[in-house]
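Comments concern the structure below.
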Amino acid sequence: MALTDFLAVSDVTSAINACRANDSFSPNKFFAMVGLSKKSLPEIEKIFMILDQDKSGYIEQDELQLFLQNFSKGARPLTAAETRAFLLAGDKDGDGKIGWDEFSNLVMSS
C-alpha cells in the first residue's frame, strides 16, 4: 500500500514543492495541500499505518524527521526545528510520540 493509493500525485507534488525550503514545513498546511484533511477516518488510519514505519502504533521523532520522504522519495528530511514543532503540534499527551488519536485529531484540525 502506498500513500498515492489515497492521495493525488499532483497534490503530493505541490505540497512537497511548497515546503522545499528548510523550516517551511507546516503539518496543517501540508495535510490540507495533499488532501489528507478531506479523507475519511478509515483512510486517514491507513495512511497513519504507512507513516508508522516500525509498526509500533506511534509516529516517533525519527519517523517524523523523514515524514516528507514517505510522500516523495527525493523529498528533504525535516529540520530539527520542524520535527520538534510537528511533535509539539501532535503529541497531546506528552509521551514524545504521536499516536493514532493524536494524528487523526491533528489531520482533522487542518
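First residue shown is number 1, and so on along the chain.
The backbone N, Cα and C atoms fix where each Cβ goes, glycine too.
Straight from TrEMBL, the features:
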DOMAIN    39-74  domain 'EF-hand'
BINDING   Asp52, Asp54, Ser56, Tyr58, Glu63  Ca(2+) 1 binding site
DOMAIN    78-110  domain 'EF-hand'
BINDING   Asp91, Asp93, Asp95, Lys97, Glu102  Ca(2+) 2 binding site
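Taking the Cα atom of each, Asp54 (Ca(2+) 1 binding site) and Glu102 (Ca(2+) 2 binding site) are about 18 angstrom apart. Within 8 Å of the centroid defined by the CB atoms of Asp91, Asp93, Asp95, Lys97, Glu102, the record's Ca(2+) 2 site, lie the Cβ atoms of Tyr58, Gly90, Lys92, Gly94, Gly96, Ile98, Gly99, excluding the listed residues themselves.
Put simply, Lys97 is the one of the binding-site residues Asp93, Asp95, Lys97, Glu102 whose Cα lies nearest to the Cα of Asp52 (Ca(2+) 1 binding site). Glu102 (Ca(2+) 2 binding site) and Glu63 (Ca(2+) 1 binding site) have their C-alpha atoms 15 Å apart, to the nearest angstrom. Of all the binding-site residues in the list Asp93, Asp95, Lys97, the shortest Cα-Cα distance to Ser56 (Ca(2+) 1 binding site) is found for Lys97. Summed and averaged per residue, pLDDT over the domain 'EF-hand' (39-74) gives 95. The list of residues near the domain 'EF-hand' (39-74) in space but at least 6 beyond its ends in sequence, with Cβ under 8 angstroms from a Cβ of it, reads 1-3, 6-7, 12-13, 15-16, 19, 25, 83, 86-87, 90, 96-100, 103-104, 107-108. Cα separation, Asp91 (Ca(2+) 2 binding site) to Glu63 (Ca(2+) 1 binding site), rounded: 14 Å. Closest to Glu63 (Ca(2+) 1 binding site) by Cα-Cα distance, out of the binding-site residues Asp93, Asp95, Lys97, is Lys97. For Lys97 (Ca(2+) 2 binding site), the count of additional Cβ atoms within 10 Å of its Cβ stands at 19 [all protein chains shown]. Excluding Asp52, Asp54, Ser56, Tyr58, Glu63 themselves, the residues of that chain whose CB lies within 8 A of the CB mean position for the Ca(2+) 1 site are, in sequence, Leu51, Gln53, Lys55, Gly57, Ile59, Glu60, Lys97. Residue density at Asp93 (Ca(2+) 2 binding site): 10 other Cβ atoms are found within 10 A of its Cβ, drawing on all protein chains shown.
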